[in-house]
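A.B. asks: My structure is below; once you've seen it, I'll send some questions.
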Amino acid sequence: MELLFLGTGAGMPAKTRNVTSVALKLLEERRSVWLFDCGEATQHQILHTTIKPRKIEKIFITHLHGDHVYGLPGLLGSRSFQGGEEELTIYGPKGIKAFIETSLNVTATHLTYPLTVHEIEEGTVFEDEQFIVTAASVIHGVEAFGYRVQEKDIPGALQAGRLKEMNIPPGPVYQKIKKGETVTLDDGRIINGRDFLEPPKKGRIVAFSGDTRASERVTELARNADVLVHEATFAKEDAKLAHNYYHATTEQAAQTAKKAGAKQLILTHISARYQGESPIERLEHEAKAVFENSKIAFDFMEVTVERS
């Protein structure tokens, strides 16, 4: 599980930062990629990475401001032109379906793959045997959501060596033991499957704030997260601007990470007013003063989400 930041700027593209998009690479887990937001030229950014558009399985949109959605029509079309056939699912606020349908219809873009669009509300928006994704409303002046991606715990590996030492040969019984079931062998022995499993691997958690003011809602969304990706449009000294424009500061994002018990904070959605090495170092220092394990994201930065 890796995060790849495709765009880390705020509002409009800049020379060093494109507008918002983050890829959650789940290549080992499910051979796919999930995108969180898709600002203008996201597909251009993807060209500079190893991501294949046909591997993009899901796109989660936080809100409908242009710097988070203008990249969708182009990416959807290119995915089709490049021979993508795998289904793609998009999640987002009310209006996302009309935006996509209108864009595709007006431009006569025909997709070669199934596209499903879910207009979401708070709560669970996706769940399968591997992951659960929940959405929470955040404070941004328009309908906006943050997302929490929680990997389910992975059952412990079967201790096949111990079973063989006990003269239990491989076969269908191994599957039952692997499920933790209690089984009775042909010779009358009773085996508790849980006694032959390694400890389970704890699932990882990644939270995305989307654009938002500092909020207890985000704190809960990021509770015990391995990585919190939080917007930090403004510096500490510009807290009034952040409030007026429904954004957060570096310090506020760090306070959220600390209260949530997150393990790592990645700051993104950085205003173009802070350009150059020195201003960015200052922003990072402001966050680190509150939450040490903080880092300012830059375009194409990759972060491995480690297991606890």
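In case you wondered, yes, glycine gets a Cβ from its N, Cα and C as well.
A quick note: this is a predicted structure, and the numbers were derived from the prediction, not measured.
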A.B. asks: Let me know which member of His118, His269 Swiss-Prot also records as binding Zn(2+) 2 at the site of Asp67, His68, Asp211.
C.D. replies: His269
A.B. asks: Reported as an integer number of Å, what is the Cα distance between His63 (Zn(2+) 1 binding site) and His269 (Zn(2+) 2 binding site)?
C.D. replies: 14
A.B. asks: Just going by other Cβ atoms within 10 Å, which of the binding-site residues His63, His65, His68, His140, His269 has the emptiest spot?
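C.D. replies: Each of the binding-site residues His63, His65, His68, His140, His269 was scored by Cβ atoms within 10 Å; lowest is His65.
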A.B. asks: For the recorded Zn(2+) 1 site, enumerate neighbouring residues of the same chain (Cβ within 8 Å of the Cβ centroid of His63, His65, His140, Asp211, site residues themselves excluded), in sequence order.
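C.D. replies: In sequence order, the nearby non-listed residues are Thr62, Leu64, His68, Gly141, Val142, Ala144, Gly210, Thr212, Tyr246.
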A.B. asks: Per residue, counting other C-beta atoms within 10 angstroms of the C-beta, which of the recorded positions Asp67, Asp211 reaches the highest number?
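C.D. replies: Its Cβ has the most other Cβ atoms within 10 Å: Asp211.
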A.B. asks: In whole Å, how far is His269 (Zn(2+) 2 binding site) from Asp211 (Zn(2+) 1 binding site) when you measure between their Cα atoms?
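C.D. replies: It is 8 Å, counting Cα to Cα.
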